[in-house]
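Notes for the one structure printed next.
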């Protein structure tokens, strides 16, 4: 079922005079020896909730020769937290201290070196699901054991991060093309996780020059056209880039900022296609 964002994109596209069509993954078929799509389309905008479907459909559309927002390479870099963190860190983007381990012994040893509490995250996932904070060894061991016997695709790879003692909020900035038109604070008074899916409230954000430059640097490194960038505030180190979303939701951003993200995205995408 389309979310608010997809419905709004269709509505705003029609207002702008564009011909807008919705293609559902379940109806999408492409033969390997017939690289054609029976569709008079200038641009595809990827809005799959499922990462696997988003990745594969973007890839297939690209093979036919259509531009797509976002391309499959960007989606890989965004969805896989290992790719995101290590690509950004290699390019000197400030990120939370993170390590990857491939067995529990190393995960435990290096968590001690990192210092408790630590945060355990699934390699892929969104909305704060299965993200846990371990305050000590006993709690960490329980989470590692749970992951080991779970059905996660990367259950034998441990992504462990420092716990950033941020305010009870984080920052979400949207990059569209080469601009940072809007952002929000996500504030959670009842949970250290600041995802709106877990009860965080959205508030308007005034994007300063430092934030704008940081977000655009991330976009240049990760790629893509439309990104949602999650940033922590650390009292000593300043801004830390935590995650990047390649198919971002923005309903709450529109609501609190009174900013038409769909219209802005469509207009900028139309300019991009014409170049």
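Residue positions begin at 1 at the first shown residue.
The backbone N, Cα and C atoms fix where each Cβ goes, and this holds for glycine too.
The ATP binding site annotation in Swiss-Prot covers 81, 121, 125-131, 161-172, 186, 195. Annotation comment: Swiss-Prot describes 85-270 as domain 'ATP-grasp', evidence class sequence analysis. Look at Swiss-Prot and you will find 230, 243 tagged as Mg(2+) 1 binding site. As annotated by Swiss-Prot, Mg(2+) 2 binding site applies to 243, 245.
In this structure, the C-alpha atom of residue 129 (ATP binding site) lies 14 angstrom from that of residue 243 (Mg(2+) 1 binding site). Neighbour counts of Cβ atoms within 10 Å were compared across the binding-site residues 170, 230, 243; the minimum falls on 230. Taken residue by residue with DSSP, residue 81 (ATP binding site) is part of a helix. Each of the binding-site residues 81, 129, 186 was scored by the other Cβ atoms within 10 Å of its Cβ; the lowest score goes to 129. In this structure, the CA atom of residue 81 (ATP binding site) is 7 Å away from the CA atom of residue 243 (Mg(2+) 1 binding site). Look at residue 243 (Mg(2+) 1 binding site): DSSP puts it in a strand. If you take the Cα of residue 230 (Mg(2+) 1 binding site) and the Cα of residue 186 (ATP binding site), they are about 10 angstrom apart, rounded to a whole number. Here the C-alpha separation of residue 186 (ATP binding site) and residue 245 (Mg(2+) 2 binding site) works out to 15 Å.
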